[in-house]
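Sharing a structure here in structure tokens format.
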Amino acid sequence: MTHYILAIDQGTTSSRAILFDEKGSRVGQSQQEFPQIFPDDGWVEHDPEDIWSSTLAVCRSVLKDTGIDAQAIATIGITNQRETTILWDIDTGKPVYNAIVWQDRRTSGFCQSLSDQGLSEKVQEKTGLLIDPYFSATKIRWILDNVDGARETAQSGRLAFGTVDSFLLWRLTNGKSHKTDATNAARTMAFNIHTQEWDDELIELLGIGDVLFPEVMDCSADFGVIDASWLGAEIPVNGIAGDQQAALVGQACFTPGMVKSTYGTGCFMILNTGDKAIRSEHKLLTTVGYRLNGKVTYALEGSIFVAGAAIQWLRDGLKLFADAKETQSLAKQALNDDSVYLVPAFTGLGAPYWDPDARGAMIGLTRDTSVADIVSAGLRSVCYQTKDLVGAMAQDGATFSSLRVDGGMVINDVMVQFLSDLLEITVERPCVTETTALGAAFLAGLQVGLYQSLDEIEVLWKADKCFEPTMEKGTGDKLYQGWQKAVDRVRTRD
């Protein structure tokens with residue numbers, strides 16, 4: 001009998017459900033986009049009910065489309081957009097405010113005040129993170145301070161906090177399970193990555209001590225059982241990881257020194273550092289790669305806020321094309337893309353700049369600039385930002401000769417080839433590019449015995465195509481210098 005794993009991949013712009021067999025082969029998939037809410041400059045929100053309804057819809061859809069009975073699903077794995085913050089009343093199950101998305105910059109002033117108080121060192125030492133609006137803790141504080149009744153609900157012991165995984169788990173189990181995993185907890189700025197516990201000192205300093213925090217589990221664990229009313233059967237949830245850490249597992253980067261980069265709404269490069277929590281001196285993040293059987297594997301991460309979101313903006317905002325698939329053919333038509341730069345700092349700049357007040361710019365436009373040139377500049381902006389991260393990792397002592405890539409953008413051969421040319425290394429694209437969902441499936445499968453070890457998972461990884469550098473030496477460096485000048489023009493801080 002075939003054992004199936006249902007992977008829920010709740011992302012920034014869409015929710016997906018992917019059904020895998022135990023060999024890691026995709027059996028079926030369903031995806032549904034949901035609205036983005038932009039109430040103010042630099043603010044990004046989601047309606048938690050949209051997150052919930054779209055997730056439930058795709059789970060039901062993939063079962064219907066494949067004809068597979070819910071009884072045949074051995075386990076569920078959840079992976080999710082990280083840092084996005086939801087607070088809900090445990091009595092009603094209803095959120096008290098919209099989900100504040102990881103891209104949201106509304107708390108930049110509060111973050112600056114924390115830095116001015118001299119807390120940067122303490123925060124980085126305990127959490128591995130920099131003080132930034134990106135992370136969950138200051139979003140919690142904003143809701144408590146600005147939403148009528150939120151602090152009173154918290155003080156009465158009824159206000160639960162969760163990242164998206166925790167919120168979905170609560171809903172799926174009808175409020176029986178308030179849990180998260182170590183990778184999601186590590187992105188809140190309230191979790192001590194060394195003790196692997198919520199940090200009471202930071203929580204009190206941030207003024208969020210009245211909120212109910214979820215129990216932190218290994219990435220493979222018994223998180224709870226979903227109510228039969230949702231999919232027609234009681235199914236255990238046995239794997240949870242934030243999307244980028246799930247991709248690290250899906251890419252089988254289990255050996256220290258292995259690195260992957262995921263290209264979705266944003267871009268996230270993660271380097272496995274083994275049992276050592278390496279502190280970056282160049283504005284990278286020290287984080288949890290995964291935690292299994294109580295043992296933590298640490299990672300060094302560079303986070304870019306806008307990657308695929310730049311292409312989405314070119315499509316939906318500027319209406320330069322109707323479908324993202326058109327970008328490959330358009331990029332091939334570009335004639336002036338060497339001189340056109342798009343800096344997609346729509347919600348500030350992430351690593352290694354960490355400038356929340358920077359804003360986007362398009363530089364080098366002339367009367368000859370075409371749609372193809374602008375589209376190519378959008379694709380290249382993702383590669384230039386990746387090189388920013390590679391440079392920061394190199395300064396922290398990391399060396400690597402290859403990079404594993406995944407996510408929706410990497411089906412674009414033109415972009416991936418330019419990435420290889422720019423970095424001057426081999427870039428490997430796996431057969432399964434949606435490795436985020438695959439990683440969640442692997443983690444769930446580990447817990448229920450479908451896989452006995454990470455070694456067993458590693459042999460399932462297969463490369464679809466390896467891209468080797470073809471650009472004339474020195475050309476990439478010249479192009480990158482142009483990028484650095486463009487970035488300097490939008491930065492507001494050193």
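Numbering starts at 1 and runs along the chain as it is shown here.
Backbone N, Cα and C define each Cβ position, glycine as well.
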Taking Swiss-Prot at its word that Thr12, Arg82, Glu83, Tyr134 bind sn-glycerol 3-phosphate, choose the one of Asp243, Asp275, Asp316 listed for that site.
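Matched candidate out of Asp243, Asp275, Asp316, per Swiss-Prot for sn-glycerol 3-phosphate with Thr12, Arg82, Glu83, Tyr134: Asp243.
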For sn-glycerol 3-phosphate, what surrounds Thr12, Arg82, Glu83, Tyr134, Asp243 with a Cβ no more than 8 Å from their Cβ centroid?
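For the sn-glycerol 3-phosphate site the neighbour list reads Asn80, Gln81, Thr84, Val101, Trp102, Arg187, Gly242, Gln244, Gly266.
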Based on Cα coordinates, which of the following binding-site residues are within 10 Å of Gln244 (glycerol binding site): Ser14, Arg16, Arg82, Thr265, Asn412?
Arg82
In terms of DSSP three-state secondary structure, what is the assignment for Tyr134 (sn-glycerol 3-phosphate binding site)?
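Going by the DSSP assignment, Tyr134 (sn-glycerol 3-phosphate binding site) belongs to neither helix nor strand, so it counts as coil.
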Looking only at C-alpha atoms, tell me how far Thr13 (ATP binding site) is from Asn412 (ADP binding site), rounded to the nearest Å.
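Thr13 (ATP binding site) to Asn412 (ADP binding site), Cα-Cα distance: 19 Å.
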What are the other residues, in sequence order, whose C-beta lies within 8 angstroms of the center of the C-beta atoms of Arg82, Glu83, Tyr134, Asp243, Gln244 at the glycerol site?
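Here the non-site neighbours turn out to be Gln81, Thr84, Trp102, Arg187, Gly242, Phe268, Ser303.
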Looking at ATP and its recorded binding residues Thr12, Thr13, Ser14, Thr265, Gly308, Gln312, Gly408, figure out the farthest C-alpha pair and report it in angstrom, whole number.
13
